[in-house]
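These come from Swiss-Prot:
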BINDING   ARG109, HIS112, ARG150, LYS152  citrate binding site
DOMAIN    347-542  domain 'Histidine kinase'
MOD_RES   HIS350  phosphohistidine
TOPO_DOM  1-23  topological domain 'Cytoplasmic'
TOPO_DOM  45-180  topological domain 'Periplasmic'
TOPO_DOM  202-547  topological domain 'Cytoplasmic'
TRANSMEM  24-44  transmembrane segment
TRANSMEM  181-201  transmembrane segment
Amino acid sequence: MSIYPMYTRKITHWFARRSFQNRIFLLILFTSTIVMLAMSWYLTDITEERLHYQVGQRALIQAMQISAMPELVEAVQKRDLARIKALIDPMRSFSDATYITVGDASGQRLYHVNPDEIGKSMEGGDSDEALINAKSYVSVRKGSLGSSLRGKSPIQDATGKVIGIVSVGYTIEQLENWLSLQISSLLIPMAIMLLLLLFCARRFSLHIKKQMLNMEPQQLSQLLIQQSVLFESVFEGLIAIDSDYKITAINQTARRLLNLSQPEPTLIGKRISSVISQEVFFYDAPQTNKKDEIVTFNQIKVIASRMAVILNNEPQGWVISFRSKDDINTLSLQLSQVQQYADNLRAVQHEHRNLISTIAGLLFLKRYNQALELIQQQSESHQKVIDFIARNFQDNHLAGLLIGKYYRAKELGLELIFDPACFVDRLPTALSHNEWISIVGNLLDNAYNASLRQPQGSKQIECLINSDGQEVIIEIADQGCGIDEALRDRIFERGVTSSASKDHGIGLWLVRSYVEQAGGSIVVENNIPFGTIFTLYIPLTRDEHHG
């Protein structure tokens, strides 16, 4: 069994156990090292080739210059070894060549750096081209001093006859020393480059880790799968858009609520304005989050929120969540009929209990006439109010609300007075019964609370509701505590209230939302001497170009 596959598996297993950040770092380090080694090999090869060429040309030029010296030609012709030595020794001392050799026409040495070699034949077998063909050239051969790079040139007399040869050589060992010096000069820059690559690799791996939220790929993959399942499983419609207002994600609930038949891939990349016909909500105040606003998406009333995705203090996109208004019960149930009817029934029960107790006391005292008179008085008073409401308010939901609010006022020690001009035979088409009752109920509740907080004012609340003409007019006047000037401009904002209770701050915001939805307007004035007058103008038929 080969050890190589086993060793490879161990390395692979060890590498797989490293964190993603370290794997990226090691991979870049390995790749960088391979590249650096390849570059080193290439530079070494190029440098060696260039060095051999340059040194070879240097040896050749020296050999040609020496062989052309008239003094040397004359000395070789006379075989004057002393003269040859006197000519060559100074040159060798100034040259960087390892050796300079001079031979005769038969290749026997006339001069050599080693005197013992004089008279012997030149080694290497590469002198024939110079001696026979009178050529100058560069060769690499092994001689008496070892392998060397040598330049050879013939010595010719005045007639052109070859009478000798000059060989200038550089040993391979000397060339390798020079090559090592040149390569070593590159080691520091290459080491600096390698360290820079290591630093960049580390920074890059840290950047990748940061971009992946410090998670491993499998963790990120699992998170994306979980978020995808969560995105599709919530009951709210969810839409994600980028900074160019193009859809990047939309869940199944959103497509169902908006009656969109296209699958998600078809909607991805489309501008939100081409899919949903409510542009103000998406484009208004891009850096501000919106929460629980009543808007209309594709002619469907929804309660929507918008959350900005902020990166480097700039919005990179938004996530819009919404639910059909018909499905929202948290606000409507608390601010409309369920809570109101419970309060109204308690008020009626409380007043009837007090009345029965009073009548029982009169009967016990045998004051029958006074008991009968009280019964008739209460019956006439209540009947007048009930008859007035039944006659002037033809919507049963509104009539029931007003009767309950009348008894609730009496329970609180207040008096709800209806203006004789009250008359409602139709309601705005843009509002449902629930929304309409929420408007009136919240205005009356607000007036009750304000009146209870003002000990000096009258305890009367005046109510006018009239649908004559093209709009419904609602006017609620109280003698309560009024509106703080610091809150007057913000009284209709969600969560803004002058009450200490955490449950307040929603009613007037809801009133404004419904009125604006129906294309109406609200006027707030100070009452004299105390209190506030709220006047609402709501068109019976909504102007489609409004808002």
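Note that the numbers count up from 1, one per residue, in the order the chain is shown.
Glycine is no exception: its Cβ is also placed from the backbone N, Cα and C atoms.
Features per Swiss-Prot, on structure.
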residue: ARG109; record: citrate binding site; Cβ neighbours (10 Å): 22
residue: HIS112; record: citrate binding site; Cβ neighbours (10 Å): 23
residue: ARG150; record: citrate binding site; Cβ neighbours (10 Å): 27
residue: LYS152; record: citrate binding site; Cβ neighbours (10 Å): 30
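Per DSSP, the topological domain 'Periplasmic' (45-180) is made up of 64 helix, 39 strand, 33 coil. Across the topological domain 'Cytoplasmic' (1-23), the prediction's mean pLDDT works out to 64. Among the residues the record lists as binding citrate, namely ARG109, HIS112, ARG150, LYS152, the two farthest apart have Cα atoms separated by 15 Å. Listed in chain order, the extra residues whose Cβ falls within 8 Å of the Cβ center of the citrate site residues ARG109, HIS112, ARG150, LYS152 are TYR99, ILE100, THR101, VAL102, GLY103, MET122, SER127, GLY143, ILE165, VAL166, SER167, VAL168, GLY169.
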